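J.: Submitted below is the structure of interest, expressed as structure tokens.
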Amino acid sequence: MSTEGSAVDTLTIEEAAAELERLAKEIAHHDALYHGKDRPQISDADYDALKRRNDALEVQFPELIREDSPSRRVGAAPSVTFSPVVHARPMLSLDNTFSQEDVQDFVASVYRFLGRLPDQSIAFTAEPKIDGLSMSIRYENGRLVTAATRGDGTTGENVTANIRTIAEIPNELPKGVPAVVEIRGEVYMAKSDFLALNRQMEAEGKQTYVNPRNTAAGSLRQLDAKVTASRKLKFFAYAWGEMSEMPADTQFDMVQTFKDWGFPVNPLMKRLNSVADILAHYDEIGLERPDLDYDIDGVVYKVDSLELQARLGFRSRSPRWATAHKFPAEQAFTEVEKIEIQVGRTGALTPVARLKPITVGGVVVTNATLHNEDYIKGIGNSGERIRPEDHDIREGDTVIVQRAGDVIPQILDVVMEKRTADARSYEFPKTCPVCGSHAVREVNEKTGKMDSVRRCTGGFICRAQATEHLKHFVSRNAFDIEGLGSKQIDFFFEHEDASLQIRTAPEIFTLEKRQQASLTKLENIDGFGKVSVGKLYTAINERRSIALHRFIYALGIRHVGETTAKLLARSYGTYEAFAMAMKEAAPLSGDAWNDLNAIEGIGEVVARAMVEFYKEPRNVEVITRLIEEVTPQQAEQPVTTGSPVAGKTVVFTGSLEKFTRDEAKARAESLGAKVAGSVSKKTDIVVAGPGAGSKLDKARELGVQTMDEDEWLALISG
């Protein structure tokens, strides 16, 4: 199922969960191509829009954040060609903003998190976002010792020999610098050097390069440093990793210090004191962009004070104190050749517009998701009109397609002047195109309104749903069975021989045994062989013991992504405890139900979906057979060395005065605590500020430890 194209607030939670699952896989694929192989298949604007879409969905549906979410990941795993380097401090990416309103929201979030009033000015830096390859360069006692790419943010590739060939990067620093210095910045190729290189390649009859960014990245990953040296790469310093001493206390002054040490820094960087100044500088840089000798794709804003940066801290993959304001993408006109229906794992029928191929910003676009029948008619999920009444999307229509923001590719509108007289309104099917079952629109339990998604009622008799469930089960972040991909699942599902059929998950693990007693041998079938079949059985057997969160995620419970599965595994510890809790929570009341809802990140909609899943006899029957074949491992509990609150569940209540609630939560979680929104038997500590009410009363009633803010600060500081 696919839903990219409509505003996130028009999506149901089911649509959002399915789209987040797909986005995680798609972005991971492009990360591997971009960061690991320097061979992107889509433009930066297209990639940014996918990330933007993912982030927007997670803001709207925080309970659906997945463990493999792009918001929890940076880049891609490092190549095996170069030796790995573990970064002393992670190299995180930045959140993106795409409009003035986004920038205003970012600045407001900084003030809000810090508890600052608008008249309590906070300075920001603003600098061009260089379109190159991120690099971390480590100096010890003033000498360059290691240079590493970002990689996945935790581990990069050792490219020290190649970095030494870049003339702009000093091999030695001046006397008096800290003993350990890690300079971070961007390696890039100047436009003029790129054009000169391509002219040289043409003269030699060789294939030319696509763009400066890919050329720079490929040049830096040469096994022969002489090739790198010939490419005239350049560098801008703008950040740091590990520093044994801090030479300054602001972002701006740190960068100026790097300049004093001999590193090139961007001359367009400014220190500014208001949103208006920030946006004005964005416009100024945008005007200068065509004349710059290097590619940029936006402007980066950072809180200037390092003390405030420390207070703001980090999200899973990005700092709260910085954002990248991206430049806008492009639009184009094309024709809707056909509207097709896809059926997803949850049965949702999603219309897809097949477009006459059109190039938008250097990338060929051939389709766009239309989300649901209301969207085709120009109506949002809340019933509001998102296009004029007669601007419904029809086959043969000329439409405006955009690749930017949180909707890529998105059909913005219909060009009515080009609509032909024979264009007919699209009739959305009332039956599933795969199995023929009725397709109905359900009542949204969260809003009480009719969902815009139409869903097949066929369940597991629907081939599309059943095969998608199996593909989800064996996917990379679930059971991850090598050799059992989409093509193989289709083969086993459709086969008529009982010894080769796989139509439910347990049958994956009985395949080898069934084959032993069968005359129809898998190894004799085209596409398989004795060696590959042996490897498949080995891969299956290696998954008979599986991490609990992977097992829960693999079940395919609606709304339960990887993040939720990990929260559940950590909270319940064993599958037996988890399954018992789901059974006891069936009445949607009582301690088990309350405990489930008290888990941070588990909302009522998600909790209800989990309980309903375990109420379905067929699901229980399949899981029972599955447990006979596999063993979910006991979940490992996170350990934060030296933290007195590691592993404890903490609830904050009342009006906090020493810190904001967001700041308190972030600090507690950084120390290994779990922050819950309600008090239960599993709560360990309740921190009560002035005005604490029912939560404090309940804590005392349950005998939970309570303390005020000063006692809490003393505890975590000790």
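Yeah, the Cβs are placed from backbone N, Cα and C, and that goes for glycine too.
Sequence annotations record features per position, and here Swiss-Prot assigns active site, N6-AMP-lysine intermediate to Lys129. Taken from Swiss-Prot, the feature NAD(+) binding site applies to Asp44, Ala45, Asp46, Tyr47, Asp48, Ser93, Leu94, Glu127, Arg150, Glu186, Lys302, Lys326, supported by sequence analysis. The Zn(2+) binding site feature in Swiss-Prot is assigned to Cys432, Cys435, Cys456, Cys462. If you look up Swiss-Prot, you'll see 640-718 marked as domain 'BRCT'.
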J.: Within 8 Å of the centroid of the Cβ atoms of Cys432, Cys435, Cys456, Cys462, which other residues of that chain place their own Cβ, given that this set defines the recorded Zn(2+) site?
T.: Val343, Gly347, Thr431, Pro433, Val434, Gly436, Ser437, Ala439, Thr457, Gly458, Ile461, Arg463, Ala464, Gln465
J.: Reported in the order helix, strand, coil, what are the DSSP residue counts of the domain 'BRCT' (640-718)?
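T.: Helix/strand/coil tally for the domain 'BRCT' (640-718): 28 helix, 15 strand, 36 coil.
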J.: Have a look around Arg150 (NAD(+) binding site) and count the other CB atoms within 10 A of its CB, chains all included.
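T.: Summing over all protein chains shown, Arg150 (NAD(+) binding site) has 24 other Cβ atoms within 10 Å.
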J.: 10 Å Cβ neighbour count around Asp48 (NAD(+) binding site)?
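T.: Total other Cβ atoms inside 10 Å, all chains included: 24.
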J.: In whole Å, how far is Lys129 (active site, N6-AMP-lysine intermediate) from Arg150 (NAD(+) binding site) when you measure between their Cα atoms?
T.: 16
J.: Taking only the residues in the domain 'BRCT' (640-718), give me the average pLDDT of this model.
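T.: Summarising the domain 'BRCT' (640-718) by its mean pLDDT gives 84.
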J.: Let's check the environment of the residue listed as 'active site, N6-AMP-lysine intermediate': how many other CB atoms sit within 10 Å of its CB?
T.: 22
J.: Can you check which residues sit near Cys435 (Zn(2+) binding site), meaning Cβ under 8 Å from its Cβ, same chain, 6 or more apart in sequence, and list them in order?
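T.: Sequence-distant Cβ neighbours: Cys456, Gly458, Ile461, Cys462, Arg463, Ala464.
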J.: Measure from the Cβ of Leu94 (NAD(+) binding site) and count the other Cβ atoms within 10 Å, all protein chains considered.
T.: 18
J.: Helix, strand or coil by DSSP: which one applies to Asp48 (NAD(+) binding site)?
T.: helix
J.: Should Cys456 (Zn(2+) binding site) be counted as helix, strand, or coil on the basis of DSSP?
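T.: DSSP assigns Cys456 (Zn(2+) binding site) to strand.
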J.: Quick check for the class: what is the C-alpha distance, in angstrom and rounded, between Lys129 (active site, N6-AMP-lysine intermediate) and Leu94 (NAD(+) binding site)?
T.: 11
J.: Distance between Cys432 (Zn(2+) binding site) and Leu94 (NAD(+) binding site) at the Cα atoms, whole Å?
T.: 42
